[in-house]
Amino acid sequence: MNLRAATLVLSRARHGLRSPAATIGAGVLVLLLLVAILAPWLAPHDPLQQNIALRLRPPGAGHWLGTDNLGRDLLSRLIYGARPTLGIALLVMASAAPVGLLIGIVAGYAGGWVERVLMRFTDIVLAFPQLVLALAFAGLLGAGTFNGALAVALTIWPSYARQARAETLAIRDSDYLAAARMLGIRSGRLLWGHVLPMCLPFVYVRLALDMAATILSLSSLGFLGLGVQPPTPEWGAMVAGGSKVIFDQWWVAAVPGAAILLVCIAFNLLADGLRDLGDPRHG
Amino acid sequence: MAEHPLLRVEQLEVRRRHGDATPLVGPLSFEIGPGATGLVGESGSGKSLTVRALLQLLPPSLQSHSRCMQFDGHELSTLRERQWQALRGADMALVMQDPRHALNPRLSIGTQIDEALRLHARLPRAERRERVLAAMHEVGLPQPRQLWTHYPHQLSGGMGQRVMLAIALINRPRLLIADEPTSALDTHLRDQVLELMMHLADAHGMSLLLISHDLPLVARHCRDVLVMYRGRLVDRCAAAALDTATSPYTRALWHCRPSGDTHGQLLPVFDPAQMDPVA
Amino acid sequence: MPAPRWFNANTAWRMLGSSALSLVLTLAGLLAVTFVMSAFSPIDPALQQVGDHASAATYAQARHALGLDAPLPLRFAHYLIGLCHGDLGISTATGQAVAGELREVFPATLELSTIALLISAIAGVGLALLSARWPGSWVDSAIRVISLLGSSVPIFWLGLVALALFYAHWHWAGGPGRLDDAYEYTIDMPTGLVLLDSWRSGMPGAFASAIRHMLLPALLLASYVLGSIARLTRTSLLGELHQEYVTLARAKGAGPGGILLRHVLPNCLGPMLTVIALAYTNLLQGAVLTETVFARPGLGRYLTNALFYGDVPAILGATLVLGIVFILINGVTDMLVRLLDPRLR
């Protein structure tokens, strides 16, 4: 990452502490990230260890959150479940956002037929209902962790392309780009060093917002059995497992769903905070 | 009527609701009697804030305060918002600068004039319609019946300003406040609209407060002139006496007016250090 | 009623024409994307039909019968021709024509999401008006919290929790399904709209049963988009309150409520329509998961079933229908916004 972008990130992070929403969101996320990383040391039981004799136990000593229909410890599965939930969502964003940015910046900078073709394609994908498209992709690609992630990634890039193009258009004819061009800076370096940094502020907010949406999409896939496959603990799939016993042992489904809710609230709070800070009207 | 002026203001101040305590405007004291009074000052001198304070139309971030603000002998500073609503548009009316922004783009001309009437008078629909048409006719709008369903964007600036005048006049207010009513218009339309305004104010016995940055224009049309500078009132005098004004700021403004006599000469320079606020 | 003065038929038609052209282009792209998706899917409909143990000859025959051995452009042409005749292929799971099955399930989804939209639009715009009338009051915080929760909650989970609480625990609402079992198998469903059909059936209690079953999913879906409607409408209202025409309206003597309803609201119509259309498309997506959780027969549950069975024609058909509805909603909104604005005549 180039220096200017790095300083921007740092100054944003410092500013972030001034927004309570962003601070709370970031705090919860750091905590969850630690839980995901330290899962083997935090989990009291093996998340895959079945024990039919102890199935569907209510929360209590030994199993703080109870057990699921195969007698697996819910708390341990919850802790391990943070890994696929956060990890896959991060991977999806890390692959989809740069692609969208690239398409948008190239379209905005190149103009002409390149722009028209790229943007028409972007608009077509945007015209689809995002979740339905992800479901259809996942269904046609076949169930599985990678296919589910790919399906979600395929639906996320267009919004980045749209916005990056708008930002690029706004500065394409600016004086400072003309100045940079006169200094003999070539197009590639120009895009990387001058155009991309201008797009970054919106990217932070979008990333945080989209992390919540991505986690919801991925867990929906998991819930429908199209994402992460059993027996790997994943929160969406765990809700699906608990849905069979929702009327009697409600906590089996309630607990992992509440975890999804918590992560998404944290990301949305972070996005809210970043947006307020990024908006010059809020100083 | 003769014993008290129509509007008497003492120690009017406008400040920010939060933040520093220095007033943006004031303290100002002045009186407005019958006929036309001009309020002159350069942009940023606080003319518009003063007007909005007179009508209690300041944005929420600002507040005004005055020791005394009497309209026709009644104290206004103790009025509640509801009482202000009954007063605004009925007894004190406002004409704003730019009809392109001040008229609601989504409502037809007729609806907007009619609303002013509807808010203050309980009249049957047919009678209201007659009065709106009469008001449109009075301000010189051609073919009022057709114009009724037009939208503001379909009007020229001069016609828009006439619509705003019709809105202001339909309830026959005692005081008409015109905030830079001609600044958005072409030069040849300016005098036309102003003369119409003067004529109607005179015909209906209204007092007029004309706010402008254009001293010669105010001098042509008004009887008295109030001069504002940096939120303070620096001079008040009869328009006829501007030639002999004593305030250095008024003198500088007056002598800077474009004129064939001073062509080619250096304009006088105003020195702020000479200022000595009146109010 | 005569056309309003600003309505100019000529420009209106030209405008509709350009909108329609962009609509058709997007639709063509939509078709191409669904086709390419199916063409490159690892799921092999021929293999599904004949099974793993069929001979190579049987398999080849099945491929030929399904037209899978033709070159891609030709297959796309066939696909398009079929679409023009309303043919979306045969479901590999049920053996029925997909188009017919979709026609049966779609009204239910439309019904559910439209009811949810009405609830959320009325409540959302109402909240926004309250918060614009009394800025800084509790309504602001309420809108913030509702929209935060709305964009954070997994709706399939919320549905389960609501079922557990309001149906199983408190018995306030109907359970899964669209009717009680007593009615589900006895009532004729000619329109597919459960409220209408149960009303017309004349069976005592049928309509009440339909309402009780509609309550939870509709409220749930409504709460899902309520926050975004309220929040975006509020932003739009507050932005308009700074306009000069508001000052003039106040100078006329109009009160804050009147200004909001008579002056500001009409000027926010465009953004509000856009916001509500966006919510509608979100509701249709949410309906996919909600129908699955509440076991309501509809397009959403049809799609998730098709996904479960790897039923390619059904997946494509359902996706296509949802895509078309999306494009239509956006296109119609676009035209409405322009037609309603006297400045853009």
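Cβ from N, Cα, C; glycine included.
These features come from TrEMBL:
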TRANSMEM  A:21-43  transmembrane segment
DOMAIN    A:82-271  domain 'ABC transmembrane type-1'
TRANSMEM  A:86-110  transmembrane segment
TRANSMEM  A:131-156  transmembrane segment
TRANSMEM  A:207-229  transmembrane segment
TRANSMEM  A:249-271  transmembrane segment
Is the count of Cβ pairs under 8 Å between the transmembrane segment (A:21-43) and the transmembrane segment (A:131-156), pairs 6 or more apart in sequence, 3 or more?
no
Which sequence-distant residues neighbour the transmembrane segment (A:86-110)? Criterion: at least 6 residues beyond either end, Cβ under 8 Å.
32-33, 36, 118-119, 122, 145, 148-149, 152-154, 156-169, 172, 187, 191, 195-196, 199, 203, 206-207, 210-211, 214-215, 218, 228, 263
So which residues does the transmembrane segment (A:207-229) touch in its own chain, when a touch means Cβ under 8 Å and the partner is 6 or more beyond its ends?
25, 84-86, 88-90, 92-93, 97, 130-131, 134-135, 138-139, 143-145, 147-149, 151-152, 155-156, 159, 235-237, 239-240, 260, 263-264, 267-268, 270-271, 274
For the transmembrane segment (A:131-156), could you work out the same-chain residues 6 or more beyond its ends whose Cβ comes under 8 Å from its Cβ atoms?
84, 88, 91-93, 95-97, 100, 125, 210, 214, 217-218, 220-222, 224-229, 232
